[in-house]
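Going by Swiss-Prot, these are the annotated features:
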ACT_SITE  Lys71  active site, proton acceptor
BINDING   Ser20, Arg21, Ser22, Thr67, Asn92, Asp107, Tyr219  shikimate binding site
BINDING   Asp83, Gly131, Ala132, Gly133, Gly134, Ala135, Ile217, Gly240  NADP(+) binding site
Amino acid sequence: MILSGHARLAGVIGYPVAHSRSPRLHGTWLERHGIDGAYLPLAIAPDDFAACVAALAKMGFAGANVTIPHKEAAFAVCDRVADSARRAGAVNTLVFTPTGIEGANTDGSGFLANLRAHGVNPAAGPALVLGAGGAARAIATALQDAGAVVTLCNRSPERAVALARDFGLVHIPWEARSAALADHALVVNTTSLGMAGHNPLELDLARAAPGMAVADIVYVPLETPLLAAARARGLVAVEGLGMLLHQAVPGFAAWFGVTPVVDDALYRAVAADLMG
């Protein structure tokens, strides 16, 4: 598509950023809706982040997604921060407005939307969240807001204890994760375990409650060992790519004025891009 002088511009800021599938995702939506706009990968080093964000706003960009390592630094450049970002402790979506920069975090809402797309009610029962990083924080607080009782479990207990204290959540030791499955309706892996090039997550799904939903936010590979084991036992498996797609919806709507749909065609397009 040839852009006009009125094209809307957005992008994803990271360092590095070449691995991001967000340009493929947003590009598909732009083409689908015939929008005069573009979504660009923007490799910006940490020392240049604040100055570059200010420059993008002055250049007329509508906004940007923010990924590693900038999610915490994005707080400092915002004039207004949504409660989702405040509770998650990180910003992943910037919207440039005439009155300043607005920051939000869509990881939690994207995770919940992906659960519901798989027929899982986030408030159906207690949820066990493995991990205590930024994604765990966003997902745990979103589940809590949706009505679930949330239990945290992390390899390094200090972060999980702090997060549990901040939001009134339950914390259990890492060694108790498999035994705890029987008491939960949902388990979520927010760690890097199971990601390509990392060790698999060791979790004994034989101890899972019948009908348990097993979610993994890892999307490379699309089918992690955890999800494969869940499917083999007849449990509900919720893959990470869907979360990536759903969390992108609010930003696209804010920047380009159209609320896009996450459907099978979009999933296949981004999945094909992931598999090269």
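Cβ atoms here come from the backbone N, Cα and C positions, even for glycine.
Where Swiss-Prot records a feature, it is marked here on the structure.
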residue : record                       : CB count, 10 Å
Ser20   : shikimate binding site       : 20
Ser22   : shikimate binding site       : 24
Thr67   : shikimate binding site       : 18
Lys71   : active site, proton acceptor : 24
Asp83   : NADP(+) binding site         : 11
Asn92   : shikimate binding site       : 28
Asp107  : shikimate binding site       : 29
Ala132  : NADP(+) binding site         : 25
Gly134  : NADP(+) binding site         : 18
Ala135  : NADP(+) binding site         : 25
Margin query: Taking only C-alpha atoms and a 10 A limit, tell me which of Ser20, Thr67, Asp107, Tyr219 are near Ala135 (NADP(+) binding site). These are the binding-site residues.
Written below: Asp107
Notebook entry, point to check: Between Gly133 (NADP(+) binding site) and Arg21 (shikimate binding site), what is the CA-CA distance rounded to a whole number of Å?
Noted result: 21
Next item on the list: Mind giving me a neighbour count for Gly131 (NADP(+) binding site)? Other Cβ atoms within 10 Å of its Cβ, every protein chain shown.
Entry: 26
Next item on the list: Return the residue, from the listed binding-site residues Gly133, Gly240, with the maximum count of other C-beta atoms within 10 angstroms of its C-beta.
Entry: Gly240
Margin query: In whole Å, how far does the CA atom of Lys71 (active site, proton acceptor) lie from that of Gly131 (NADP(+) binding site)?
Written below: 17
Notebook entry, point to check: Taking only the binding-site residues Asp83, Gly131, Ala132, Gly134, Gly240, which one has a CA atom nearest to the CA atom of Ser20 (shikimate binding site)?
Noted result: Gly240
Checklist line | Distance [Cα-Cα, Å, rounded] between Asn92 (shikimate binding site) and Gly131 (NADP(+) binding site) | finding: 19
Next item on the list: Determine, to the nearest whole angstrom, how far the Cα atom of Ile217 (NADP(+) binding site) is from the Cα atom of Asp107 (shikimate binding site).
Entry: 10
